[in-house]
């Protein structure tokens, strides 16, 4: 019963399209200056209309299974895309569609001066379709940037703590910097300028780490999710949906995806990953490394300085002992093994600075 009803509906639609095709053909012939070709009597015109309606009605009747199949496929694709989209993307897409249709309406008023009815209709349809589509695409692709700009403006007006310059490049966070957690304190100081971007695939990686069978990884993943939730709560930063970035679909590695996204958005990657830092340099992507920042901000220690330290364990070489500064910097004390467990004065002999951190060498001060 339902199948026959669908066929009947398609047949009626086909007949109506056939009638429309006849009217369009008649108008075009008249517009070309050959009115005599379509100078039909009432009965003749009715018969021709019936012929067009029957031909197109039968055509749509025969094509009903194909059209129905394609319609179901299209509906399933749309439903699948909507399920993958976040609520924010759907809202932004709807707003973009409305904005596009409003602009199309304003432009369509210009077409009212064209005294060609069918051309008028065609131009209106094309304008509404193109601007509606552009409204959806622009709103969904640039939605995170728009939200971040609005959020940063509100924050600057209320507290001035999260000041962001809209002209500054986006800062794209990777998994390591979120798990580390120090980025949250840096954001509180207002040093992070420009929109903050947390890609969807970074969230997925955090979830995988949090679901790991290894307890250490699981705890790190859960800490990362807690930090991410805190960032979202405090600064209103949404997860960036990368589905619209087709260039990322064929890239399986998260790190390479991150660098590609940075190139697309002309942004900077914020990370703690030493290897990612190196690869980014090769690909010409700018990186903000939190570890490098922390090392830069550590107090300067010069050879010849004297300090008091608690020696806590043995070093790798004979007679070496190891101590730590308050900021975690390791100090290797030559000839200090016999003082392990004691607090003594040491004299700095050399400082080794590497991209992985800083190491200080010292020896017991005179009198020891």
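Note: Cβ is positioned from N, Cα and C throughout, glycine not excepted.
As stated in TrEMBL, the feature transmembrane segment covers range 90-112 out of the listed 67-89, 90-112.
Taking every listed stretch (41-61, 90-112, 118-139) in turn, the largest tally of C-beta pairs under 8 A with the transmembrane segment (7-29) is reached by 41-61. Taken residue by residue, the domain 'PIN' (169-278) breaks down under DSSP into 66 helix, 13 strand, 31 coil.
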